[in-house]
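Lifted from TrEMBL, the feature list:
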- 154-260: domain 'SecDF P1 head subdomain' (DOMAIN)
- 262-433: domain 'Protein export membrane protein SecD/SecF C-terminal' (DOMAIN)
- 558-737: domain 'Protein export membrane protein SecD/SecF C-terminal' (DOMAIN)
- 282-300: transmembrane segment (TRANSMEM)
- 307-327: transmembrane segment (TRANSMEM)
- 333-354: transmembrane segment (TRANSMEM)
- 375-398: transmembrane segment (TRANSMEM)
- 404-425: transmembrane segment (TRANSMEM)
- 466-489: transmembrane segment (TRANSMEM)
- 582-600: transmembrane segment (TRANSMEM)
- 607-628: transmembrane segment (TRANSMEM)
- 634-655: transmembrane segment (TRANSMEM)
- 681-701: transmembrane segment (TRANSMEM)
- 713-736: transmembrane segment (TRANSMEM)
Amino acid sequence: MLYFPRWKRLLVWLVVIIGVVVALPNILPQALLNQLPTVYSKLHLPMGVDLQGGSRLVVQLPKSEIAERDATIDVMKRRLDIGAAGFEDYSIAKQSRDKIRIEVPGLFDVQLLKDIVSVTARFSLYEEDTSVSVNDVVMGKVARPEGTIVTYSMDDPPVSYLLKDHPFLTNDNIAGAYAEKNVNTGGSLLTVALDSEGQQKLSDFTRKNPDKRLIIVFDNEVLAAMRFPVPIDDGYIRVGPLPDDVAHNLETVLTTGPLPTDLTFIEERTVGGDLGSAYAKAGLHAAFGALVIVAVFMVLSYGLLGLTADVALAANLMMLVAVLSLVGTPLTLAGFAGLVLIIGVSVDANILIYERVREARRNNYSVTQAVEAGFSGAMSTIVDANVTTFIAALVLFMLGTGPIHGFALTVTIGILTSLFTTFTFTRMMISWWIRTFHPREIPQRIIRIIPPNTSIRFMKLGKITLALSTVLIILTGGLYVTAGVNYGIDFAGGSLAVLEAKNGKADIYDIASRVNDLNIGGVNVSPTKRPSEAELTIASQENGEDAEQTVAVKLRGEFGNDYTLQRLDIVGPTVSSELSRVSALAIFVSLLAIFIYVLWRFRWQFAIGAVLTTVHDIIILVGIFLLFQWQFNLWSIAALLAIIGYSLNDTIVVYDRVRSLLKKRGNIDMRSLVDIAINRTLSRTILTSLATLLAHIPLYYFGGADMKDFASVLLIGIIIGTYSSIFIAGPMLVLLKVKPKQTGIEGS
């Protein structure tokens, strides 16, 4: 197994080198990157909206207009493509059957984005009806003449107009539009060019009706009322003066055509450039810190073999970044969290192998034989453990949304690259070491945490630990009834804003007073770790999606002069309800898929034991959420699914050893056999837990509020998962009366 033909060595090195080359643009300084060919520099992994700042919107189509989704996306893309809009590197994609997601990095004026992508842009010219006074019609003094409609202007207060009910010209008659500065009156002039049919209609009308007005209506509001004392034969309608931004927006939407349907904003997230940059630095520091700490830990634990694992870990991360660069998915803050998690997953495989190697060496295998036994013996366990984690990540990728989608993608790809480096690159390096230096002994540990050949009677405590866990589960149920869940805006709806003072410190009391005057309701103002910032959490408004958007308008209007809105998340009732449903579905589907896999690999007792152990971990973790009233949001779901993968990983390692022992020593008492299995995997369990815990400490230390919460949940979840793999998973097999003939397929 340690022998590598020349062609295989070359192939492995080729894959690793390609990964490094593709990933390099993400490491090289920008000045050097600018000197490289454009094709190569484009391999740079793009930053998500939350890391470079920008805006993210989710809009919903009416249920009756779902068929128009793709056409709506096409119109949006045309609007953002044209030069007047000035947007670059945007992303527009379907999020579900009736929802569209728009992301524009570097754009902080979210209202401008809304004006561009959401206006229907129905442009019409109507003939004014002057047979009766429009004021008399509005006041009810006279009946509205048949074949007429009343429309109002955009002014404040609005002006009413009585129009013929059939438009004289429509969007179909527009050949183009452009805005230009009006040097005489100031502002901008919007020129609308008509097609031949429209040109003829306008020419005929202005010749015959020099005293009549044509009313320009844009999205059911009067834009202008125009009288043409001389015939218009050139086919151009000139409207103005208009504010520059209004004229340019009209140019954009009229040039690209109307949207086929009305849209509703159901989610809005904006991150300022400074905050995005801070998030990016925090993510880099967390990932680098995790890499350094884990690398040192592996060397201390395994000496030269640990150094080999570190080289493989570096190669794994480079290959992961390379794949992400080729896929082109933007790196998000959650993606950094995924990188940190993969560091733990990657070294876990090496720990499994190295512990098997040490065990074989203690059984008087030669160094070569011990290494062979380590890789062959751990392969089945590593595959099973990683598949369960992969399933949880894949479900989150398929059902997740927003930044969490990036976390799931990073973990999913990272598991695959980790398996590749473990079974090819690591094995090849160790093979070269053995062939070159002919070692007579395995490198010694610098530190020893767990002594070899432990014989702890864990099953003696089985009844106590099961009883303790039962009590904790009951207490969790009591906390759920009495304290309830502290849902974040992702699940409860509402808004979250971060204000940064333009000068000096943020005045928390002044902000709270001013927010109360806005009559928003349900507002909590709290400081952040930066004195210049304040965080506002605003409860969901009662009047639906439009009410949530009104909150954003009020906040910008009230605080725009003395504060910068560094972050604004708005989640409407539709999104919060859907996220709750999808999150519950993600956890259920993960557990079901994992149950089916473990059932196929281990038979039903192992499958039930693994799933019940994982459910135990989830419930205990939720209990901690309830006890400390931690906010439950999308990051919490990502952490729970990560813990599902981690807990199952630990449990599978123990179960795989139980299965193997049942085949060899199936005649001994089941309690004793489980004790032997746990003791033989104890060093791996503790070392993996420590490595993963150490990896997430920088995430907690450097991360912002979201990353701290995520890291906190993972740190506690890892401890719970370690406890359950020893004290819950084993007793489950005893309770389910596993017998040798029921152990399933050949174990490791």
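Heads up, the Cβ atoms here are built off N, Cα and C, so glycines get one too.
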Among 404-425, 582-600, 713-736, stretch most in contact with the transmembrane segment (634-655) (C-beta, under 8 angstroms): 713-736
Leading contact stretch, 582-600, 681-701, 713-736 vs the transmembrane segment (607-628) - CB distance under 8 Å: 713-736
Same-chain residue ranges lying at least 6 outside the transmembrane segment (466-489) that approach it to Cβ under 8 Å: 495-496, 537, 540, 569, 571, 576, 616, 619-620, 622-623, 625-627, 629-634, 636, 724, 727-728, 731
DSSP residue counts for the domain 'SecDF P1 head subdomain' (154-260), split into helix, strand and coil: 29 helix, 41 strand, 37 coil
Mean per-residue pLDDT computed across the domain 'SecDF P1 head subdomain' (154-260): 85
